[in-house]
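Going by Swiss-Prot, these are the annotated features:
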type: DOMAIN; residues: 30-204; note: domain 'BPL/LPL catalytic'
type: BINDING; residues: Arg69, Gly70, Gly71, Gln72, Ile73, Thr74, Tyr75, His76, Ser136, Leu137, Gly138, Gly149, Ile150, Ala151; note: substrate binding site
type: SITE; residues: Lys133; note: site 'Lowers pKa of active site Cys'
type: ACT_SITE; residues: Cys167; note: active site, acyl-thioester intermediate
Amino acid sequence: MFTVTVKNMGTTEYLTAWQAMKNFTAQRTCETPDEIWLLEHPPVYTQGIAGKPEHLLFPNQIPVIKTDRGGQITYHGPGQIILYLLLDLHRWRLNIRQLVRKMEGAVIDLLSEYDVVAQGDENAPGVYVDGAKIASLGLKIRRGACYHGIAFNADMDLTPFTAINPCGYRGLRVTQAKDLGIADCKEMLATKLAQSFINQLTDV
């Protein structure tokens, strides 16, 4: 059985984390252990490789960074749990679609612990509660390994989402754990989310 190392990185600037992920992936070998990084970012919009500038509706003081993950624009900020997945997909015998389903499943299983019913959407990857998005997904695959991962809204200021079409969808509502009555702190939720993903990965 393969193991995954979980590292708590605290608050990390987006560019710093992104460069670290690229370096890790470029330097890894077939023997490099897989890692999950838990962190949060200072306020930042990130725009995926297919991102269209018009999805930033109201430019503001929050910086916009064009990144190498898939997808459109989203927001990261304090109170949002980031799970970066640095995995060898060959090791786990996963294709991208299977990995995305496991990412969604990790969030769905976590929320089910709090009696919150959530679901994925094959046409718009992510996790939703009553049509409102609580988790965004993004990935980059390089030489059979992935980076980027899951952004889970725990207890944050959701206002910056109103300045964008989240993930490129006009009028898409967003929600967070706090507004769903989940009182556990973000640190506990982050730990539980990481374990939930590992359970998905190992089919526990």
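Placement of Cβ uses the backbone N, Cα and C atoms for every residue, glycine included.
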Mapped onto three states, the DSSP assignment of Tyr75 (substrate binding site) reads strand
DSSP says Ser136 (substrate binding site), in three-state terms, is strand
Excluding its own, the Cβ atoms lying within 10 Å of the Cβ of Tyr75 (substrate binding site) add up to 25
Record-annotated substrate contacts Arg69, Gly70, Gly71, Gln72, Ile73, Thr74, Tyr75, His76, Ser136, Leu137, Gly138, Gly149, Ile150, Ala151; largest Cα to Cα distance in whole Å is 16
In the domain 'BPL/LPL catalytic' (30-204), averaged pLDDT is 95
Quick note, Ile150 (substrate binding site) and Lys133 (site 'Lowers pKa of active site Cys'): C-alpha atoms separated, nearest Å, by 12
